[in-house]
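K.L.:
Not my notes, these are from Swiss-Prot:
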type: REGION; residues: 1-89; note: region 'Head'
type: DOMAIN; residues: 89-400; note: domain 'IF rod'
type: REGION; residues: 90-124; note: region 'Coil 1A'
type: REGION; residues: 125-135; note: region 'Linker 1'
type: REGION; residues: 136-236; note: region 'Coil 1B'
type: REGION; residues: 237-252; note: region 'Linker 12'
type: REGION; residues: 253-396; note: region 'Coil 2'
type: SITE; residues: A338; note: site 'Stutter'
type: REGION; residues: 397-431; note: region 'Tail'
Amino acid sequence: MASEGSPDCCSSEPYAGASSCTTASFCPTSTTYLPSTCATSRCQTPSFLCRAHLPAGCLSPCYLTGGCNSPCLVGNCAWCEEGTFNSNEKETMQFLNDRLASYLERVRSLEENNAELECRIREQCEPDATPVCPDYQRYFDTIEELQQKILCTKAENSRLAVQVDNCKLAADDFRSKYESELSLRQLVENDISGLRGILGELTLCKSDLEAHVESLKDDLLCLKKDHEEEVNLLREQLGDRLNVELDTAPTVDLNKVLDEMRCQYERVLANNRRDAEEWFAAQTEELNQQQMSSAEQLQGCQTEMLELKRTANTLEIELQAQQTLTESLECTVAETEAQYSTQLAQMQCLIDSVEHQLAEIRCDLERQNQEYKVLLDTKARLECEINTYRGLLEKEDSRLPCNPGSTASISNSACEPCSAYVICTVENCCA
């Protein structure tokens with residue numbers, strides 16, 4: 001039984017014994033209420049009984065919870081003739097019992113929800129609890145394997161590029177050597193063609209001189225022949241008749257003169273030939289020296305150019321390798337940043353979801369704490385009302401021997417089991 005006590009019996013403060021209780025008591029599910037037969041047949045209160053016959057303790061107003069704080073009179077069941085309470089009061093008591101049972105049931109359900117939420121909070125707050133994340137390890141392994149293959153392929157491509165560049169350098173060397181040899185051959189052929197021209201000119205000069213010598217020899221023979229003919233003709237004309245001796249200069253020996261002329265021309269020809277050979281040898285030696293010096297300079301320039309080309313190609317290959325390595329490292333850094341940003345975003349989403357869940361749990365806990373406080377306050381008021389009603393019943397029971405009337409005794413004996421049953425039920429619920 002429970003109701004809000006009167007201002008004299010129960011204040012608005014919570015019950016003193018409720019401060020030591022942290023959780024609400026459970027009401028057993030086997031609690032039963034009084035049957036309707038007890039309320040109708042055994043606790044009948046006569047409606048014709050006036051208020052003047054009631055004692056002063058029964059006329060004090062008690063404020064019931066189910067009656068919207070409307071005061072009602074609790075009669076003395078030992079003094080009444082047919083029962084302790086009237087029908088309205090019994091209905092109010094039954095309503096209070098139902099309400100107390102519903103409050104206790106609600107307290108039990110809230111405690112279960114509180115325990116479940118505490119378990120969830122404990123599971124969320126455990127240090128070894130790892131967040132559930134999707135397993136991307138096999139994808140990471142595949143990506144790492146593909147990255148290794150890509151790096152190996154890039155290294156192989158770099159090695160092949162170096163080999164191709166080396167082959168190009170060797171081909172350039174052979175091409176430069178071929179070009180140098182070709183230029184030397186062209187120079188030699190040009191020199192040979194020039195010398196052949198000079199040789200042709202000298203041959204022409206020689207043939208001209210030989211033709212001139214032959215013509216001179218023919219002239220000499222003609223002169224000799226003419227002279228002999230003239231001599232013979234004169235001898236035939238003169239015969240032996242005249243022996244003329246002329247005191248003239250001795251005659252010139254034409255053969256000797258011709259021999260001298262021949263020797264002179266031969267000496268001139270030999271001198272010219274020797275001078276031409278010396279000039280040709282000097283020119284050839286000078287050209288050979290110039291060719292050798294030019295070839296040495298050309299070879300040095302070509303060697304220096306090849307060295308510079310080789311150095312430039314080596315530096316270009318190193319630059320390409322460094323650029324490839326830089327690009328691969330930049331790609332690796334970008335992939336790593338993307339991977340860690342994805343993981344960070346996943347972790348942040350997980351943290352946000354957990355924080356949202358914790359905020360919801362805190363809100364639920366605060367709401368349940370408020371409801372729990374309200375229920376504790378209600379329980380304290382109900383216990384205060386129960387104690388008030390128990391005190392009133394005990395007072396009425398203590399007055400029972402002093403009240404006269406056999407009808408009251410019969411009514412007391414008829415209603416006592418009902419009130420005792422209700423008190424026991426409430427005590428079992430609040431134990």
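From the backbone N, Cα and C atoms, a Cβ is placed for every residue, glycine too.
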K.L.:
Can you tell me how the residues of the region 'Coil 2' (253-396) break down into helix, strand and coil by DSSP?
P.N.:
143 helix, 0 strand, 1 coil
K.L.:
Please compute the mean pLDDT of the model over the domain 'IF rod' (89-400).
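P.N.:
Per the prediction, mean pLDDT sits at 84 for the domain 'IF rod' (89-400).
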K.L.:
Taking the Cβ of A338 (site 'Stutter') as the centre, count every other Cβ atom within 10 Å, in any protein chain shown.
P.N.:
10
